Every structure is written in structure tokens, then in C-alpha cells.
Amino acid sequence: MERIVVTLGERSYPITIASGLFNEPASFLPLKSGEQVMLVTNETLAPLYLDKVRGVLEQAGVNVDSVILPDGEQYKSLAVLDTVFTALLQKPHGRDTTLVALGGGVVGDLTGFAAASYQRGVRFIQVPTTLLSQVDSSVGGKTAVNHPLGKNMIGAFYQPASVVVDLDCLKTLPPRELASGLAEVIKYGIILDGAFFNWLEENLDALLRLDGPAMAYCIRRCCELKPQVVAADERETGLRALLNLGHTFGHAIEAEMGYGNWLHGEAVAAGMVMAARTSERLGQFSSAETQRIITLLTRAGLPVNGPREMSAQAYLPHMLRDKKVLAGEMRLILPLAIGKSEVRSGVSHELVLNAIADCQSA
């Protein structure tokens, strides 16, 4: 069992990583006997894990209610969020309740925002079931729902009480979802840790076949890197923005193509190549390093071009609504080398459009 602490003073919390955690009541700290829980999951995961997690919590003396949401990015909305509030109020649940997010990024983000908002804030626990949520979205306290005009535009910074990563969940993950998670894994290597990127080049095949030791190391390393950034810049005023490599472009793809048609990791993968091409055009990143990124993403089964039906011009309105925009000016996350990146303002729209065009499918 691995345990990593996200250090945020009185709001610090543990990330527990191991196989078989769903069999251990102690995994779900800080829950105690007699407490009340609303377990939030979706219709795909409920048949796989709901009874198991409910059972282990009830074994610990916890009183468990549940709400099952529809599955898909298109349901990460205010309307679906309201179903969680309704379930909480109907029971009813008070300020001493705990929400448990059992699912991937959609369930985690939506449940976290529900916890931040319900009765002005209740405790919640992240139980991520996808690779993407285990290495990224469950850690750091970003919670949100989407708006038709932009991804994650309505939300809050709100830290969980703990994160429970059961590696066994990856055994039920569809290959496309595994690849989507690998995009966020590769991102960490590009922005923060060149040695980890090298390791990924050598060990990607092991990750694709869900080799236990390789996957455990991969998730642990990501869960070490992200908390370091979050602890230094919890509310994304500077350093934390680096974690958004590829996201300004990627969120544009997701919004333009319709939420759920491109998985988040797929859009981020194409966006990271666009960021690399932008950096190339600025003369601060080599084409050889861009090719290393493209090769690794391709091996992972990820797209490296934008949608053929989306013109370069179609990206700009979405990018100008990005949360990193300051005083009407785009701020882009750009690689400087494998393992090093920067937040860059003042890049001309023409250069960005040309970089996007470099990445359009033939």
C-alpha cells in the first residue's frame, strides 16, 4: 500500500494506492461508525462496484444512501447536479454528511462541486475508478460542471477529505478509457519530469497490458508530482496552470465537437501536440522533441491531430473563454523541453492558428 499526503495545512489529505482497497473498511478514512454517506456513482459503474463499496461501508457501521447518475461527459451538467441535491434533501442529509464519489472524472468533478455547494460545504471522498481520475482529476480539489459554452466553467476549488485509489478498478476499464488516462500520465512527463517521460517510453507496453508493478509505479509517480504543484499553488494563480498543458486546445475540441464525442484525454493528447507545434513556431522547442511526444501518444492509441471537421478558426472563440485568459489575452502552456514548460502570454492568434493547422488531419 502506498500513501501520499497532499500538504495543504489543515486541509491536507491522504491518497491511498493499492489493490483490494474496496475490501477494507479502513480504506475509507476518515469515515467512522454511525456517520451518514451519500454514495454517488453512475449507471455503468453501479453494477460493478456499488454493492461492494456499500457493503464495506456498512460493515464499518456507516449509514449509506446512494444516487446513480447517467454515464457520460454530456451529463456533467447543472441539471444532473440538481439530482444529487434532490437526493440529499429527500433523505434528508445534513451538514455532517459525507459524499463519496465512486467513478471517473465526471462523477468526481460533479460530486465534488455538490459537496462544495450543499449547505455551504460538506465533506467528500474521492474514489476514482478510471486511470485519468486516479492520476489527475481526483487530486487537487478542482470541482466543476460544464456549460454549453465551455468545459468546467461552473465550479469551485474544494479539497476532498481523502482519495482512495483501488488499482483493481483498472481491470474493468475499456481500452479507449485507458488510453485517455495515459494522455494525462504523459502530460506529467512533458511538463515536469523528463526522467518519467523516458520511463514511459520504455514501459508503455507494460502499462497497456495493465502490468501491476508498472501501473502502481505510474500512478504513484503522478500522485507525487501533482500534489507538489497543488501545494505550491492551490488556486492556480501561477505554477498550477502548467498542469493544463494541451487543455486550452483540448477543451475547445470537446466543446465544439459536443461533450463525450471526444474523450477528455483524447482531446488533451491532440492539444499537447498543438502546444508543442506552437512552441516550435516560437523557436523554443525542437521538432525532434515534438516527434517524441507524437510517437508516445500514438503508441498509447491516442489522436495527435484535431478533428478533420473542425477548422483552426473554430478553436479561437473557445480558447478566448478559457479560464486562464487574463485581461482578454490567452495564456498558453507551452513545453520548453521534455520535462520543462512555461505559461506564455502574448502569442499571436495567427501563430496559434498556424500551429493548429499543422495538426489538422489530412
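Yeah, the Cβs are placed from backbone N, Cα and C, and that goes for glycine too.
Noted in Swiss-Prot for the protein shown:
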{"type": "BINDING", "residues": "71-76, 105-109, 129-130, LYS142, LYS151, 169-172", "note": "NAD(+) binding site"}
{"type": "BINDING", "residues": "GLU184, HIS247, HIS264", "note": "Zn(2+) binding site"}
Discussion item. Using only C-alpha positions, which one of GLU184, HIS247, HIS264 is spatially nearest ASP71 (NAD(+) binding site)? These are the binding-site residues in the record.
Written reply: HIS264
Item to complete: Taking Cα atoms as reference points, rank the binding-site residues GLN74, GLY108, THR172 by distance from HIS264 (Zn(2+) binding site) and give the first.
Response: GLN74
Fill in: Output field, Zn(2+) shell: CB within 8 Å of site CB centroid, site GLU184, HIS247, HIS264 dropped
LEU132, ASP136, SER137, ALA183, LYS187, GLY246, GLY250, GLY265, ALA267, VAL268
Worksheet item: Among the binding-site residues GLY105, GLY108, whose Cβ has the fewest other Cβ atoms within 10 Å?
Response: GLY105
Discussion item. These are the binding-site residues: ASP71, GLU184. Which one scores highest on other Cβ atoms within 10 Å?
Written reply: GLU184
Response to the item:
For CYS169 (NAD(+) binding site), the same-chain residues 6+ apart in sequence with C-beta under 8 angstroms from its C-beta are TYR49, PRO128, THR129, THR130, GLN134
Response to the item:
Quick tally, other C-beta within 10 angstroms, HIS247, HIS264; top of the binding-site residues is HIS264
Worksheet item: If one measures from the C-alpha of GLY108 (NAD(+) binding site) to the C-alpha of GLU184 (Zn(2+) binding site), what distance in angstrom results, rounded to a whole number?
Response: 16
Response to the item:
Rounding to whole Å, the Cα atoms of GLY105 (NAD(+) binding site) and GLU184 (Zn(2+) binding site) are apart by 12
Discussion item. If I take the alpha carbons of THR172 (NAD(+) binding site) and GLU184 (Zn(2+) binding site), what is the distance between them in whole Å?
Written reply: 19
